[in-house]
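Q: Submitted below is the structure of interest, expressed as structure tokens.
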Amino acid sequence: MAPLAALASSMLLLLWLVAPSRACTCVPPHPQTAFCNSDLVIRAKFVGAPEVNHTTLYQRYEIKTTKMFKGFDALGHATDIRFVYTPAMESVCGYSHKSQNRSEEFLIAGQLRNGLLHITTCSFVVPWNSLSFSQRSGFTKTYAAGCDMCTVFACASIPCHLESDTHCLWTDQLLLGSDKGFQSRHLACLPQEPGLCAWQSLRPRKD
């Protein structure tokens, strides 16, 4: 095993031994942020039990990809993603898949490392059926339009100040104490004109 890999494994093991009860915490992102900051975004089913590699302290889940929304270029010549990798311990942000339904589809947004898909507790991994119509539309086509120019800017405390005209102020967490508010479920931060972004509703228009 390479020296760096051995060192990384030792550090992970040490963290687990000295702080077994310390939970991994993170602030859930707006779905558009999750899309834009991820290398690969797919819809997939978890079809296998976790397999733990005790040398690297990582585990992998076998998945069946049903749709890819982002990552075609990053994958290169690879035609499919068969496994998703995560730290083996939740104390170091390892993802633990709870659902036993192997036919249930999940939206998975993660990072590619050496051609392998990695996720953590902080990754955006949610049942596809739990997403709103607007969120599904966003992951399918719309969020990508805002990645290069626009930024969802989370408001942590009042007063909130935007740092740029290309930022959209996200207040769901502050006002509702939840990342599942109206802005998360129905809005996308999209370019309106050069140098300007604004919230745009993705809900279907009523006749």
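Cβ from N, Cα, C; glycine included.
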Q: If Swiss-Prot is the reference, give me the range from 24-27, 44-47, 116-119 marked as region 'Involved in metalloproteinase-binding'.
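A: Based on what Swiss-Prot states, region 'Involved in metalloproteinase-binding' spans 24-27.
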Q: Let me make sure I read this right: Swiss-Prot says Cys36 forms a disulphide bond with another cysteine. Which one, out of Cys93, Cys122, Cys147?
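A: Disulfide pairing in Swiss-Prot: Cys36 with Cys147.
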Q: Among Cys160, Cys168, which cysteine does Swiss-Prot link to Cys189 through a disulfide?
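A: In Swiss-Prot, Cys189 forms its disulfide bond with Cys168.
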Q: Under Swiss-Prot's annotation, the disulfide partner of Cys197 is which of Cys150, Cys155, Cys160?
A: Cys150
Q: What residues, ordered by sequence, lie under 8 A Cβ-to-Cβ from Cys150 (disulfide bond) and sit at least six positions away in the same chain?
A: Thr166, His167, Cys168, Cys189, Leu190, Pro191, Cys197
Q: Consider the recorded positions Cys26, Asn37, Cys122, Cys160, Ser178 and say which one has the Cα lying nearest the Cα of Cys93 (disulfide bond).
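A: In terms of Cα distance, Cys93 (disulfide bond) lies closest to Cys122.
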Q: If you average per-residue pLDDT over the domain 'NTR' (24-147), what number do you get?
A: 93
Q: Using DSSP reduced to three states, classify Cys189 (disulfide bond) as helix, strand or coil.
A: strand
Q: Just to be sure I understand, if DSSP states are collapsed into helix, strand and coil, how many residues of the domain 'NTR' (24-147) fall in each?
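A: Across the domain 'NTR' (24-147), the residues distribute as 31 helix, 44 strand, 49 coil.
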